[in-house]
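Peer 1: Could you have a look at this structure, given as structure tokens, before my questions?
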Amino acid sequence: MKKIIALMLFLTFFAHANDSEPGSQYLKAAEAGDRRAQYFLADSWFSSGDLSKAEYWAQKAADSGDADACALLAQIKITNPVSLDYPQAKVLAEKAAQAGSKEGEVTLAHILVNTQAGKPDYPKAISLLENASEDLENDSAVDAQMLLGLIYANGVGIKADDDKATWYFKRSSAISRTGYSEYWAGMMFLNGEEGFIEKNKQKALHWLNLSCMEGFDTGCEEFEKLTNG
């Protein structure tokens with residue numbers, strides 16, 4: 001699961017008695033001090049919703065100089081509702097981005113458009129995302145394009161542009177799953193994000209409907225639920 005998606009779906013646990021623990025394939029190497037294994041293990045725990053274990057392994061990897069792990073630490077600090085720390089997250093994300101982490105660029109951009117981190121800087125955020133979105137071999141390109149689409153769909157800090165939003169969502173979906181980006185945008189407008197996205201039922205319906213039209217079943221389900229609710 002992408003990092004930006006986890007902001008909406010954090011703390012969702014999947015209890016499967018017969019399944020291995022998240023990232024178990026990385027555990028041996030992580031315990032032996034392999035910083036990339038530590039990062040991948042942290043990322044696995046983050047995606048599964050265990051922020052405590054994610055932070056433990058991300059910190060180990062970051063201490064060894066892994067820039068992506070530093071970006072993940074920043075993401076954790078803007079995800080955990082118990083200990084939100086946007087200023088510290090910004091410091092970590094800047095460090096990660098300066099070290100060349102595309103994940104760091106996306107996370108920093110997300111922080112820069114949220115008022116909880118101070119005065120928003122949309123031009124810098126958009127520049128970071130445009131840069132990250134060009135590396136299609138990197139998973140962060142999916143998140144970068146989704147966030148660009150959301151910024152244009154939201155129309156705060158910059159002029160709203162649904163055509164640009166649609167273009168970025170489709171580009172993101174083309175390298176992930178068709179209709180998912182529009183679904184994600186719809187759910188963001190449905191639930192809101194403090195400091196960035198205000199709840200907006202009409203925008204939620206618009207993007208969920210487009211997701212459904214793209215063939216994303218969950219988008220259809222949420223659109224129907226919201227329409228009839």
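Heads up, the Cβ atoms here are built off N, Cα and C, so glycines get one too.
Values in this document were obtained by computation on a predicted structure and should not be read as measured data.
Per Swiss-Prot, signal peptide is recorded for 1-17. Per Swiss-Prot, repeat 'Sel1-like 1' is recorded for 48-66. Annotation source Swiss-Prot lists repeat 'Sel1-like 2' at 85-101, citing a curator's inference. What Swiss-Prot records for 143-173 is repeat 'Sel1-like 3'. As annotated by Swiss-Prot, repeat 'Sel1-like 4' applies to 180-215.
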Peer 1: Report the mean pLDDT of the predicted model across the repeat 'Sel1-like 2' (85-101), rounded to a whole number.
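Peer 2: On average, pLDDT over the repeat 'Sel1-like 2' (85-101) sits at 98.
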Peer 1: Where else in the chain does the repeat 'Sel1-like 3' (143-173) make close Cβ contacts, counting only residues six or more beyond its ends and a cut-off under 8 Å?
Peer 2: 2-5, 102-103, 105-106, 109-110, 113, 120, 122, 125-126, 129-130, 132-133, 179-182, 184-185, 188-189, 196-198, 203, 207, 210, 214
Peer 1: Within the repeat 'Sel1-like 2' (85-101), count helix residues (DSSP H, G, I), strand residues (E, B) and coil residues, in that order.
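Peer 2: Residue counts in helix, strand and coil order: 13 helix, 0 strand, 4 coil.
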Peer 1: Which residue counts does DSSP yield for the repeat 'Sel1-like 1' (48-66) in the helix, strand and coil classes, in that order?
Peer 2: 14 helix, 0 strand, 5 coil
